[in-house]
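Undergrad: Quick one: the structure is below, questions incoming.
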Amino acid sequence: MAKGEGAEQYSNASLLNKSVSSDAIKLSRKHEHRTRLSLCNKICYAIGGAPYQITGCALGFFLQLYLLDVAQLDPFYASIILFTGRAWDAVTDPTVGFLVSRSPWTRFGRMMPWILLSTPFAVMSYFLIWYVPPFENGKVIWYIFFYCIFQTLQTCFHVPYSALTMFITSDQKERDSATAYRMTVEVLGTVLATAIQGQIRNAYMIASAVICSMYILCAVVLFSGVREHEAVGIKSKPMPFLQGIKMVMGYGPYAKLVMGFLFTSLAFMLLEGNFALFCSATLGFRKDFHNILLVIMFSATLAIPFWQWFLTRFGKKMAAYVGSLSAVPFMILVVCVPKNLIITYFVSFASGVAALCGQLLRTGSMLPDVVDDFQVQNPDSTGHEAIFYSFYVFFTKFASGISLGVSTLSLDFAGYITRGCSQPKEVDLTLKLLVSAAPVALILIGLGILYTYPITEERRQGNRKILQELRDEADSESDSTEVTEMI
């Protein structure tokens, strides 16, 4: 009888062990699934980055021309509109980042509700930016209001989307792979924006309606194809707003990265914002301008695989130096050569290849390394990703606002004639300075700051190993707890 009971107990224990082992394997596979992204996940995530690039490209290349030539505003008032809209981000970007970081987790995550709810209102405000109101006295107020509203709502979309990189997977390789897909789609988005807005420049509202439709479609695809995962580890208490600002800006690697890219971003945005007028007024290629832009975007698209290989082979810091410096000769060449369309196309192609590297590194490749480094240095302080990304987005937009404001004010002082068939020589000289001398100087300053950036490839790989060990330890504790509960 005792033998029978012992055999039965042994059989029950064996079945229990098999059940626990099976459950542990399932949990292990579940955690592995959370760190791996399917091709569909990466594509849907990448498509979510298109709205920011499409609207940003259209506004960056064409809004200045629209305000001067279609809305027929004085250059001084146009500069006020452009600078006010960007300066408004001084409030919205950090504020939205702070609010997102304190938002509760929902069944859709923490970032997704912000993205989804801001989309319809952002689309409406963007459409009204390209509408000429039927009155004269309130035009400036009209454009300032809707431009600021759009910037606020776009921030509610882009800051959570940027921070989403840290929540779609905990695996650094998977994040880098998803970022590469994102860069490809974003460059294609700028190509689409250039093609749509450039080919139908005489019908700005039609172009804006097409872009609004694409904005909504991309948001729906992102929401449908990407799942947000809550970070595993110690959850720190939310900190006050000013303390969060002090924490972010006081972290050395982050401050150096942001300041370095602030100057290089300002350089390329000066070139971007004034290239239309330079081709039209100085070079006399008004009819070919949109085709020149398409060449820039097309070459940038072709350069993505090369720069992805280069930064993997030689490191991200080296890629930032080579990519930014390679644009300098072409910035000088474009103002030194005679008015020749073929040479302009060649310079545009080369500039697109060089400029893509900076965009690839600025918009997603180096910032996750800084966030990882902060988590290694401060293991008990987590959940601040949105704050890091919000200030990063703010400085990028701030650079754009400075470039647009300085450009229009400079043209006003030079005597720019709205809808004029020809411009004074002072305007030609000003445009040459804005697309060549000023960007070159800013690139050199930015790279000088970036030289002190301390996160090398060795440090990045070390951080990756430490974080992976911490996540594996947290997953193991979670698995043990779940298996114990099953027993």
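Glycine residues also receive a Cβ, built from the backbone N, Cα and C atoms like all the rest.
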Undergrad: According to TrEMBL, which stretch among 69-93, 144-168 corresponds to the feature transmembrane segment?
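TA: Among 69-93, 144-168, the range TrEMBL annotates as transmembrane segment is 144-168.
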Undergrad: Under 8 Å between C-beta atoms and at least six residues away from its ends: which parts of the chain pack against the transmembrane segment (318-335)?
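TA: For the transmembrane segment (318-335), the nonlocal Cβ contacts are 260, 264, 267-268, 271, 307, 310-311, 343-344, 347, 350-351, 353-358, 360-361, 366, 432, 435-436, 439-440, 443, 446-447, 450.
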Undergrad: What same-chain residues lie close to the transmembrane segment (291-311): Cβ under 8 Å, and 6 or more beyond its ends?
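TA: Cβ under 8 Å, 6 or more out: 61, 180, 183-184, 187-188, 190-191, 194-195, 198, 275, 279, 285, 318-319, 322-323, 344-345, 348-353, 355-357, 359-361, 365.
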